[in-house]
Each structure stands twice: as structure tokens, then as C-alpha cells.
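Novice: Heads up, here are the entries from TrEMBL:
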- B:Gly41, B:Gly42, B:Arg63, B:Asn158: substrate binding site (BINDING)
- B:5-243: domain 'Aspartate/glutamate/uridylate kinase' (DOMAIN)
- B:Lys9: site 'Transition state stabilizer' (SITE)
- B:Lys224: site 'Transition state stabilizer' (SITE)
There are 2 protein chains.
Amino acid sequence: MQERLTIVKVGGKVVENPETLTSFINDFSNIAGKKILVHGGGRSATAISEALGIETQMVDGRRITDAETLKVVVMVYAGLVNKNIVAQLQSLNKSAVGLCGADLDVVRAKKREVKDIDYGYVGDVVGVNVEQLLDLINNDVVPVVAPITHDGKGQLLNTNADTMASELAKALAMDYKVQLAFCFEKKGVLKDPEDDNSVIDTLDTELFQEYKAEGIISDGMIPKLDNGFAALKRGVDKIVISNTDGLKNGFSQGTNLKL
Amino acid sequence: MQERLTIVKVGGKVVENPETLTSFINDFSNIAGKKILVHGGGRSATAISEALGIETQMVDGRRITDAETLKVVVMVYAGLVNKNIVAQLQSLNKSAVGLCGADLDVVRAKKREVKDIDYGYVGDVVGVNVEQLLDLINNDVVPVVAPITHDGKGQLLNTNADTMASELAKALAMDYKVQLAFCFEKKGVLKDPEDDNSVIDTLDTELFQEYKAEGIISDGMIPKLDNGFAALKRGVDKIVISNTDGLKNGFSQGTNLKL
């Protein structure tokens with residue numbers, strides 16, 4: 001039987017607030033077995049951009065990344081957020097290493113071609129260096145991955161953190177029984193955005209299409225779920241969308257994806 | 001005979017200017033054998049601080065690091081500068097990993113006690129994780145080290161990049177024949193700051209004291225040289241201070257330190 005690997009993507013307000021982040025890191029460090037943490041940090045990037053007078057443009061939950069914005073996301077994601085998480089994990093006696101896609105060439109991407117929209121320095125993942133990740137994981141090191149990739153020609157690129165988590169999950173599904181959790185401040189995918197308790201327990205592709213058409217599921221949740229379903233199709237064992245309480249009880253709550 | 005390990009600390013204007021940085025990275029990647037790169041990035045940090053309305057305070061070439069300044073140096077050193085260097089090394093087919101002291105617990109520090117001056121979140125190195133560094137180096141991975149450390153209790157700290165390089169050199173001097181090069185925009189330690197060709201070929205501790213007393217050597221050069229001499233005393237084989245041309249010819253030019 002394959003060993004379990006838990007990949008947690010954490011984002012949203014959980015990352016922005018030092019208290020919820022510390023509480024999350026504690027819970028994360030208590031998950032048994034091998035694990036990887038993928039983080040966002042979008043709101044900090046927006047705040048720093050604002051302070052630097054750089055305008056933030058979003059399309060369908062994705063950031064348009066010009067050269068100046070790229071600098072900001074590299075600073076905030078791969079620097080500020082990443083290193084603070086690593087330092088906190090070390091304080092809990094977990095060996096951790098902060099990585100962006102360029103480090104050890106773990107995630108390579110291709111700059112997105114301009115079709116209708118010029119996303120700028122946004123990277124679509126083309127390869128995951130499974131061998132390097134396995135080296136770390138098998139040595140009980142926790143990779144803490146920032147959603148920054150590179151093109152192999154010296155250019156850093158901005159990649160959606162949900163996509164990053166999903167790509168890592170898919171790439172490692174041959175070697176481990178992977179469970180992928182998207183953690184944020186809500187209890188799961190909500191049927192009514194105004195009602196925090198209207199969690200959809202199980203979401204299959206058909207229901208997803210239906211809810212999308214009805215506008216029940218919208219914005220940033222769409223790429224998250226697209227990523228989740230893509231990962232399921234590629235052999236990832238379990239996908240759950242939940243708040244951080246999910247970490248404490250073996251991911252038995254929140255929204256489970258099914259094909 | 002011990003194998004050679006070259007540790008290069010690069011700073012000053014070399015890091016700030018994309019062209020000189022790229023040229024430096026090319027030269028660095030051509031150094032034969034095992035290597036580690038330690039970088040600064042101080043002027044970028046100052047520029048970003050200014051843009052964010054955070055005042056920069058320096059005492060004897062060292063930055064006073066309040067909580068806001070710490071955020072900036074973590075972003076700039078461990079994020080922006082570090083990841084751009086790593087991406088460029090990958091493009092030259094050198095496996096590289098960007099690290100701050102918290103990553104893999106490679107460099108642990110203690111927040112400096114307040115005596116005459118409160119340096120804020122500045123860390124004095126207390127330990128280097130030699131085993132983890134050897135694991136990387138022996139696998140032909142180039143560690144690219146940002147001058148940010150941690151205290152093991154979750155707190156990141158700002159550490160002088162020259163000190164960082166010197167501490168790594170000392171820690172690895174048992175396992176490798178270490179040469180440590182401090183690279184910046186000048187040809188070496190100058191006898192006359194106005195004359196770029198007044199390079200002091202060889203500097204011993206006695207001459208250093210003399211030049212310091214006369215004010216020939218001042219400011220940021222003092223901690224750099226203090227670090228260099230400390231490393232020599234602890235078994236580091238060779239210390240040279242030069243511009244990046246030094247990298248191309250086996251460090252045969254610039255200022256050599258002698259006890």
C-alpha cells in the first residue's frame with residue numbers, strides 16, 4: 001500500500017492574519033506523515049502593491065502580473081510569507097525548506113501566451129521535479145512552496161497557488177497516496193455565500209457545472225475547483241476544501257470532490 | 001587533500017544592477033568545484049523602504065532593523081534578490097537552492113542584546129547546520145544564501161551578509177579547503193578611496209589596525225575585514241576582497257588577507 005502524503009494549500013485570510021497563520025501552522029505540523037505546504041499571500045501582495053503605488057488588476061481571480069507586480073509577488077510570496085512560515089515550522093521542530101519553483105528546479109512553467117488577455121509574467125506549469133521533491137519528503141523535510149515558478153531561462157513567473165498545489169499533487173500521485181486540502185477561512189464550498197453553514201458536502205463534476213451555470217460557484221472558487229477535479233482525474237486520492245479545522249480531524253469535514 | 005569549496009559573497013552595486021548581476025552570475029557559475037553564494041541587496045532594501053515610507057537607519061554599516069524594516073529585508077533579500085539569482089543559475093544548468101537561515105535550519109542566530117544601540121531584529125549567528133549544507137554541496141547543489149537568520153523560536157532576524165559568508169566559511173573549514181571571496185564593485189581594499197587602482201595587495205591584522213586608526217579603512221569595510229580575519233583564524237584557507245574580475249582568474253587579484 002502507498003504511504004499517505006498530505007498537501008495543504010493555505011490561502012485567503014488565514015495567511016494574512018499572524019494569529020490565524022500561527023494557529024494554522026500548529027495544526028499543519030500535527031498532521032501525521034509526509035506533507036507539503038503550498039501557500040498564497042495575495043492580499044499582502046495587494047497591500048504592498050498599493051503602498052508602492054502599483055495598481056492591482058485581477059481577471060477571474062487571477063492577477064495580471066506586469067514587471068513591477070512580479071517583483072512584488074516574488075518579494076511577498078517567496079520572501080515574506082514563505083520565510084515566516086518556515087521559521088515557525090522550525091520552531092515546532094519540523095524541518096522545513098521554503099521553495100519557489102526555481103529552487104532545485106522544482107516547478108518549471110511557460111509564460112502564458114497572450115490570447116484575449118495579456119496576463120503578463122504568469123506561468124503555466126510544464127514540469128514538476130518529482131525526484132527532488134521525493135528527496136526532501138523522504139528525508140522528512142517539509143517543502144513550503146511559494147506560488148512562483150520559472151521558465152528555465154532565468155525568468156521568474158507568477159503561478160496561481162491552487163494550480164501549484166494541484167500540479168504537485170498530480171506529479172506525486174504515482175509515488176504517494178495523495179490527499180490535497182485547499183484550506184481557507186470558510187468551512188467549504190458554500191451553496192449560499194451569505195450562510196457559512198451551507199457547506200456542500202460532496203461536489204461532483206456535474207453538480208459543479210450546474211452551480212457554475214447558476215452563479216452559485218463563482219470567481220476564485222472556479223479555478224480552485226477546476227484544479228481539484230483535474231487532480232482527481234490524474235490519480236490524486238482525495239480532495240477537500242475546508243477551513244483549518246479540517247486539518248485537526250483528518251479532513252472529515254468541508255467539501256469533498258468526486259468525479 | 002581536502003577538496004576546495006569557494007564561498008562568494010556578492011554585494012554592493014553588483015547586485016543592484018541587473019546587467020552586472022547577470023554577468024557576475026555567469027562568472028560565478030564558471031568557478032570550478034563546489035560553491036556557495038551569499039548575497040546582500042542592501043540598496044534595494046533601502047529603495048523599497050523609502051518607497052514604503054520606512055526610514056533607513058545605519059550605524060557602522062549595519063542596518064537598524066525595526067519590525068517594518070525586517071519585513072522589507074526579508075522580502076528583498078530572501079525573496080526578490082535570492083530567487084532571481086536562483087532562476088539565473090538554473091538557466092545556466094546549475095542546480096541551485098535559495099536559502100535563508102530558517103530553511104533547513106541552516107543558520108541560527110540570537111537577537112542582539114541592547115547595549116549602547118538597539119539594533120532591533122538583528123541576529124548574531126550562534127550555529128550553522130553543517131550537515132544540511134554538506135548534503136546539498138555534496139550533491140552539487142549550489143546554496144544561494146540570503147542574509148536572514150532565525151532564532152529557532154519562529155522569529156526571523158537580519159544578519160550582515162559578510163558575517164553570514166564568514167560564518168559559513170568557518171563552519172565548513174573542517175570539511176573543505178575553503179576560499180572566501182568578498183566581491184563588490186571595487187578592485188579590492190583601497191588605500192585611497194578616490195583612486196580605484198590603489199588596491200592593497202596583502203592586508204595583515206597589524207596593517208588593518210593601522211589603516212583603521214588612520215581612517216583609511218572605514219564604514220562597511222571594517223565589519224567585512226573583521227569577518228575575514230575571524231574566518232582566517234578559524235581555518236579558512238584564503239580570503240580575498242575583489243571585484244567580480246577576481247572570479248575569472250582564480251582570485252589572483254584583489255586584496256588578500258593574512259594573519
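A Cβ is built for glycine as well, from the same backbone N, Cα and C atoms used for every other residue.
Surface or core, plus neighbours and distances: that's what I need for these features.
Specialist: For B:Asn158 (substrate binding site), other Cβ atoms within 10 Å of its Cβ number 27.
For B:Lys9 (site 'Transition state stabilizer'), the Cβ neighbour count at a 10 Å cut-off comes to 28, with all displayed protein chains included.
Cβ neighbours of B:Lys224 (site 'Transition state stabilizer') (same chain, under 8 Å, six or more residues apart in sequence): B:Asp162, B:Phe182, B:Ile241. B:Lys224 (site 'Transition state stabilizer') falls within a helix when secondary structure is assigned with DSSP.
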Novice: What is the separation, in Å, between the Cα atoms of B:Arg63 (substrate binding site) and B:Lys9 (site 'Transition state stabilizer')?
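Specialist: It is 18 Å, counting Cα to Cα.
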Novice: Express the distance between the Cα positions of B:Asn158 (substrate binding site) and B:Lys9 (site 'Transition state stabilizer') as a whole number of Å.
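Specialist: Rounded to a whole number, the Cα-Cα distance is 16 Å.
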Novice: Counting only other Cβ atoms and using a 10 Å cut-off, which of the binding-site residues B:Gly41, B:Gly42 scores lowest?
Specialist: B:Gly42
Novice: Can you check what DSSP calls B:Gly42 (substrate binding site), collapsed to helix, strand or coil?
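Specialist: In three-state terms, B:Gly42 (substrate binding site) counts as helix.
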Novice: Between B:Gly41 (substrate binding site) and B:Lys9 (site 'Transition state stabilizer'), find the distance joining the two CA atoms and give it rounded to the nearest Å.
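Specialist: Their Cα atoms are separated by 11 Å.
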Novice: Given that the record lists B:Gly41, B:Gly42, B:Arg63, B:Asn158 as binding substrate, what is the largest C-alpha to C-alpha distance among them, in Å?
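Specialist: In whole numbers, the farthest two Cα atoms are 12 Å apart.
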